[in-house]
């Protein structure tokens with residue numbers, strides 16, 4: 001099952017986008033619909049709202065007077081938090097019931113108005129944000145929903161900012177134009193990204209990126225942070241730390257080209273802990289690569305942990321690796337044991353290359369040579385680089401020893 005979190009500001013067009021995805025074949029779980037369901041007359045949700053905000057939020061027939069509740073609940077932050085504290089747990093429980101009832105190979109789009117504000121984005125393998133300019137949203141709310149302009153502005157101001165939404169968005173769909181334009185964009189995203197992603201997940205396949213160096217993408221840091229947040233959530237207590245590593249983690253050098261693949265390292269206390277992550281990471285969008293079980297061992301393995309320093313035990317280079325099923329964001333997820341040489345070198349390598357422009361230039365030259373000689377074959381690309389890495393391992397640790405580096 002591929003679960004997609006969908007959100008956007010009030011008036012941006014969440015319902016329209018949900019409808020477009022439903023026409024494509026998605027199962028829609030609408031947070032607004034559920035939010036109404038859990039506060040119907042006779043529910044514990046409505047009783048809790050009355051206790052918190054008073055009986056004057058009820059209509060004569062005992063149902064919820066939504067404008068009256070909104071006037072109180074959006075008056076200040078404390079009132080809004082009270083509202084969210086009552087409604088969100090009930091909505092979450094009902095959402096879980098619905099999702100548990102659908103087929104396992106479904107694409108489930110969860111329309112959640114406050115996905116960003118409630119910190120739920122890392123729970124989803126993919127987050128879609130529908131966007132419209134504030135003035136466009138304001139006009140829709142006033143003209144189509146009959147809101148007073150002051151109320152509409154207050155509702156907009158009470159929600160997350162565009163910057164906060166961008167920070168969690170894997171896909172950003174502009175709905176400032178016509179309904180037909182939004183439908184076209186939704187269908188394109190569905191066919192080019194969502195369907196392949198769902199297929200890869202159901203078959204436990206990964207999305208492979210071309211073996212091609214590209215200029216640094218200014219979006220890499222933000223993309224990596226979203227992945228880190230997602231993996232921390234999926235790994236829970238098993239992850240001692242989660243880091244952006246590899247070439248895309250190097251800051252500030254506009255000439256340092258890299259493959260368009262994000263590398264992430266999850267540090268765990270043991271390989272047994274890594275093996276407990278197979279299903280949680282699959283659910284998060286990252287199937288395991290069963291055929292890769294170790295890094296290439298280096299002689300005189302080094303570590304800042306004394307019992308692992310200057311060792312020759314090849315078992316200390318064992319690891320687990322997962323990769324993204326999302327064709328829109330190829331990612332490698334290396335799971336290594338805390339203090340083992342491979343875990344330490346992944347962290348050291350980024351810091352060393354960041355600090356040493358000559359080493360950075362050397363590595364770029366090796367990568368360009370490997371790209372040319374590999375002719376699109378990832379195994380050949382890795383093999384061409386390996387002799388350089390054997391020497392780089394020693395150079396990096398010489399730098400670490402001279403600077404007092406710690407992970």
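In case you wondered, yes, glycine gets a Cβ from its N, Cα and C as well.
Keep in mind that what you see is a predicted model, and the values were worked out from it rather than measured.
These come from Swiss-Prot:
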{"type": "DOMAIN", "residues": "3-201", "note": "domain 'DPCK'"}
{"type": "BINDING", "residues": "11, 12, 13, 14, 15, 16", "note": "ATP binding site"}
{"type": "REGION", "residues": "196-407", "note": "region 'UPF0157'"}
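Sequence features annotated in Swiss-Prot and their locations in the structure.
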residue	record	contacts (Cβ under 8 Å, 6+ apart)
11	ATP binding site	132, 136, 137, 138, 140, 141, 145, 152, 156
12	ATP binding site	130, 131, 132, 137, 175
13	ATP binding site	130, 132, 175, 182
14	ATP binding site	6, 7, 8, 111, 113, 130
15	ATP binding site	30, 32, 111
16	ATP binding site	130, 175, 179, 182
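Within 8 Å of the centroid defined by the CB atoms of 11, 12, 13, 14, 15, 16, the record's ATP site, lie the Cβ atoms of 8, 17, 130, 132, 175, excluding the listed residues themselves. In the three-state DSSP assignment, the secondary structure recorded for residue 12 (ATP binding site) is coil. The domain 'DPCK' (3-201) scores a mean pLDDT of 93 in the predicted structure.
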